[in-house]
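Chemist: Not my notes, these are from TrEMBL:
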- 195-218: compositional bias 'Acidic residues' (COMPBIAS)
- 244-359: domain 'PI-PLC Y-box' (DOMAIN)
- 360-484: domain 'C2' (DOMAIN)
- 189-228: region 'Disordered' (REGION)
Amino acid sequence: ITKSLQSVKKRSMTFEGFLRYMESKDCCVFDQAHTSVYQDMDQSLPSYFISSSHNTYLTGDQLVGKSHLFAYVSALRKGCRCLEIDCWDGPDMEPVVYHGYTLTTKILFKDVITTVEQHAFEVSAYPVILSLENHCSKEQQEVMAQYLISILGDKLLTAPLDHSTTGDLPSPNDLKYKILIKNKKLKRETKTEDAEGAEESADEGEDEEEDEDEEDEDQQSKPKFWPTRKAGSKKKKVVVAEALSDLVIYTRSVKFVSFSHSKDNQNCYENTSMAEKKARKLAKASGLDFVQHNQKFLSRIYPAGSRTSSSNFNPQEFWNVGSQLVALNFQSLGLPMDLNDGRFQDNGGCGYILKPVVLTSSQRSFDPSCSQHSLKPTHLLLKVISGSNLPVPRSGKALDPFVRVETHGIACDSHRRCTSTVKNNSLGPYWDADMNFSISVPELCLIRFCVKDQTGLLSSEFVGQYTVPFTSLKKGYRWVPLRSRDGCSLDPASLFVFVWYS
């Protein structure tokens, strides 16, 4: 205490005080101004990356995993703004939610909606999209519509807004505290009273036909050995009930045909979903067209059906073409979710990130597969100096730690560098390693610090990580707070680094 008082009088710091300051939020590598909403939230919806979940109800794999209401609570608390609900006919006219044609457990649709209503705006005021994968009969769809209206009340968007957003769709600000339904919608033509019945029937027939051709996520999500329908049996057609159709306002699901077809035929309130393999193929072959498509329309990308263990793809490749709803299995830990958490901790963790100008400007042509994007790329210097209080494994053996720094962006901006390994030191390993990166599109780039334990000549184990958007990096000597595999704080485990870019 005497030492501290003397330091105050001399207007200086003790070493302990300096250390506490260096490990405070003021010195965090993540810009603390970005822990609140600071971006323009008045742009049209397609101008944002939107935190999105796939098979949100699952807590495990897609074959025998458990469905649980807490999975929805967990996703919403992580800032997720687009939830998936797979709906099937249940007993006693009660629609159920589960992964169709599998042994995953079932939960009631009404309980899911009640859970969403309770937690939708706990961490973010911005709109929630409920992406329905609808396999229900007309009768049970009407039950679904009743639950949506009665449980969600004023939170449910039931009519278009009188909005002033530049662009055809409203903005996140326009839609604050609103829940949107993403589903197919009956086609409505201008009707005369005499022809109304006949035209309505024709509309429904057309929708059936469309449904027959529509990519079916649940069918795609089964491994080849998993039994589905009998060979030769016709797929059951799902016709949208009018009561449910009426609740679809700005997020009507339509089939993706081609970019030129969308340009000529797609309406602003219509959006497409496609599996990662198809999206990857399009991104590689027609990156520029994909970017321009996503300037007008919402597109949702979901994991391949072969990922029965609920593993994830790298979301960066689809953010690079401007896809807004890049849906991941939130229950699956690892690099993809680290990147998702890093991307969406920005802008106050509200689940909406304004896309960079390269993806939204109609004046610029941007193809993420091309390597030359700016005359002068940004030079990033990262000096990984030391670590502190790294978590020791259950064995109690001290770590042999090293740090891998990864940059994730467009293809030419994705790199990794490693420090050397420090033997037998978990408490205060010292690396003093300089790493240089050249980044052509920093606005899309994420930086991931990953600490690993060298367990063998070619083997290592995860210790902790931290992912930060390049645009949220603070220059100078900085503290990197490490997180566990499931995204929880490992405090006081940290790294000490120096950051500079120009």
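In case you wondered, yes, glycine gets a Cβ from its N, Cα and C as well.
Please treat TrEMBL annotations as automatic predictions, because they have not gone through curation.
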Chemist: Averaged over the domain 'C2' (360-484), what pLDDT does the prediction give?
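Modeler: Within the domain 'C2' (360-484), the model's average pLDDT equals 93.
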Chemist: With helix taken as DSSP H, G or I, strand as E or B and everything else coil, how many residues of the domain 'C2' (360-484) land in each class?
Modeler: 10 helix, 61 strand, 54 coil
Chemist: What are the DSSP helix/strand/coil residue counts across the domain 'PI-PLC Y-box' (244-359)?
Modeler: 49 helix, 19 strand, 48 coil
